[in-house]
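Look at TrEMBL and you will find 33-156 tagged as domain 'Tripartite ATP-independent periplasmic transporters DctQ component'. For 16-35, 55-73, 94-115, 135-153, the entry in TrEMBL reads transmembrane segment.
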Amino acid sequence: MSNSAAGLFRRVNDTVYWTGAVIGCVALVLVSAVIPWAVYTRYILNSASSWPEPMAVLLTVGITFIGSANCYRQRIHMNMTVGTDLLPPLLRRASLLLSEILMGVIAIFMVVWGLRLVQTTWDNSVDEFPWLSVGITYLPIVVSGAMMLLFVIERLTIGPPPRDGADAHVPVE
């Protein structure tokens, strides 16, 4: 991959990463607003709203899937390296390659089967939100899988994102 193509691919992945981070943050703020509203209507007004809890669940699903893809890119997701750290360098590199390949397979699985799930449930609606297709609620699986696949391709082709301190989420080594 040429330097200009690699740079463009890195910038695209940076944009995908930061877009996911913004979506996750907005969803977290919305959850933080929706739950107190549910408590207020239930215990102060004695008339519980039916929508806050399912809305919080849907937002939390989005936060979880998009957030896990972002954590994967930065290697801040749960990662056990005790076994691989004990391996000789050649086997350690082979295990890292195998790990990336398996992650790519999982990402493809999420995209393919997630799309099938979205298509299968598209004509159903969420009870609390009749205007909302059940298929849309499964889109975070597809989006997360696509993000992870991009990040796997990034690692296999141009390496992991730089750890230069520009990303506040990742400590400088």
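Each Cβ is built from the backbone N, Cα and C atoms, and glycine gets one as well.
Here the structure is a predicted model, which means the values were calculated and not measured.
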Same-chain residues at least 6 beyond the ends of the transmembrane segment (94-115) whose Cβ lies under 8 Å from its Cβ atoms: 72, 84, 87, 138-139, 141-142, 144-146, 148-149, 152-153, 155-156
Structural state census, the domain 'Tripartite ATP-independent periplasmic transporters DctQ component' (33-156) (DSSP three-state): 94 helix, 7 strand, 23 coil
Quick test of the contact rule: Cβ under 8 Å, at least six residues beyond the ends. What residues does that give for the transmembrane segment (16-35)? 52, 55-56, 59-60, 62-63, 66-67, 69-70, 73-74, 147, 150-151, 161
The domain 'Tripartite ATP-independent periplasmic transporters DctQ component' (33-156) [mean pLDDT, rounded to integer]: 93
